[in-house]
């Protein structure tokens, strides 16, 4: 059976952007930015996206397109003399399942808030409402619905499911966020939010440089879907005529643009209608937008309408990422085990329902997975992919990078390979060591 492929370059780019945008740019980003000093965190985050994220993205693209396989199959195929690299790729497949287990719980929250926005059911007491629905039977029920929506898209395949869905969802996300940002920045008091978000203040970096780097690195990998094998899987459906450098740059710019745009919605609204960041920081990483931004809707005119647009955009963002997470293990079973897409999708969705229920009923496990385990796994995974690209593929990686590339991209190929071999794995391994030390 012929392997699936993207119908168009635009379809691939939008699917990859959809995977990268996800909840990391909207659900996690406001709390991280508020916790680590606003503009200072944004600046460090953008630097890591440029210096680590983009080269890492290209490394995963190279592995995927050259192998035409899922992460486990890709590394095993490209390093036929040893089985150990296949296990590194399999680690990415497992990471995808772990990630989807907690992510689907948050997706269920988003779905619940989207439905509640039509009536403003959470407006009266945002904090108490989030406390009631965030864990337990109701959270598990909405997680089931969210996973069912995810599985329906993946069942359709690469062209008929993933590509079609993201071609619809990504423009809607961009338009909704742009309209909301345009409205938010004009509200009285929004200027303080813009100042917090955009006026650079180096003090937070000076106060805790290590903590800032750890947080920004974790956020960058999470938002770009790196270290899990998403981009390996998506690039495996690519043709040889695509410029990986160009596509990677476009994806990174669009992903970062959506993230910055989300900040232009969140922070002006918080300062205009909530008087600051108290509710965001009080809500912690999990409840920031639900207790902070959701509370702001109560104070504004036409709050229900604005809330529907906001949570509608986030719901599409969540689905575009969860689709890519499920596609990774599905591709593994299809490629390596000969399982049909239908059977793989149904079986894996059932597995995630079980592992996700553990997160839905146990706040402590959820918090550990969401705030600690995932960052560790993504950092370790990307470090492995970079070492593989730089030292196992070596010049073959550069040859794959050059295929379809223009003159400027080719000129950057050698510096890219050098960074993948040296600085970037070292940075990630140090980050991983610091994160592990912080657990002691």
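Placement of Cβ uses the backbone N, Cα and C atoms for every residue, glycine included.
Curation plays no part in TrEMBL annotations; they are all automatic predictions.
Quick look at what TrEMBL lists:
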TRANSMEM  12-30  transmembrane segment
TRANSMEM  42-63  transmembrane segment
TRANSMEM  84-115  transmembrane segment
TRANSMEM  135-156  transmembrane segment
TRANSMEM  168-186  transmembrane segment
TRANSMEM  216-238  transmembrane segment
TRANSMEM  250-273  transmembrane segment
TRANSMEM  305-334  transmembrane segment
TRANSMEM  346-366  transmembrane segment
TRANSMEM  372-394  transmembrane segment
TRANSMEM  415-438  transmembrane segment
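As a quick check, the transmembrane segment (42-63) and the transmembrane segment (216-238) clear the bar of 3 or more Cβ pairs under 8 A, pairs 6 or more apart, so the two touch. Stretch with the largest number of CB pairs closer than 8 A to the transmembrane segment (216-238), among 168-186, 250-273, 305-334, 372-394, 415-438: 372-394. When each of 84-115, 135-156, 372-394, 415-438 is scored by its Cβ pairs under 8 Å to the transmembrane segment (346-366), the top-ranked stretch turns out to be 135-156. The transmembrane segment (168-186) shares the most Cβ pairs under 8 Å with 305-334, out of the stretches 12-30, 84-115, 250-273, 305-334.
Annotation: stretch 12-30 has the most Cβ pairs under 8 Å to the transmembrane segment (250-273), among 12-30, 135-156, 305-334. Among the listed stretches 12-30, 135-156, 372-394, the one sharing the most Cβ pairs under 8 Å with the transmembrane segment (84-115) is 135-156. Sequence-distant contacts of the transmembrane segment (135-156), counting only residues of its own chain at least 6 positions beyond either end whose CB sits under 8 Å from a CB of the stretch, comprise 104-105, 107-112, 162, 164-165, 318-319, 322-323, 326-327, 330, 341-342, 345-346, 349, 352-353, 356-357, 360-363, 366. For the transmembrane segment (372-394), same-chain residues at least 6 beyond its ends with a Cβ under 8 Å from one of its own Cβ atoms are 55-56, 59-60, 62-63, 66, 75, 78-79, 85, 88, 91-92, 95, 98-99, 102, 217-218, 221-222, 226-229, 232, 400, 417, 420-422, 424-425, 428-429, 431-432, 435-436, 439.
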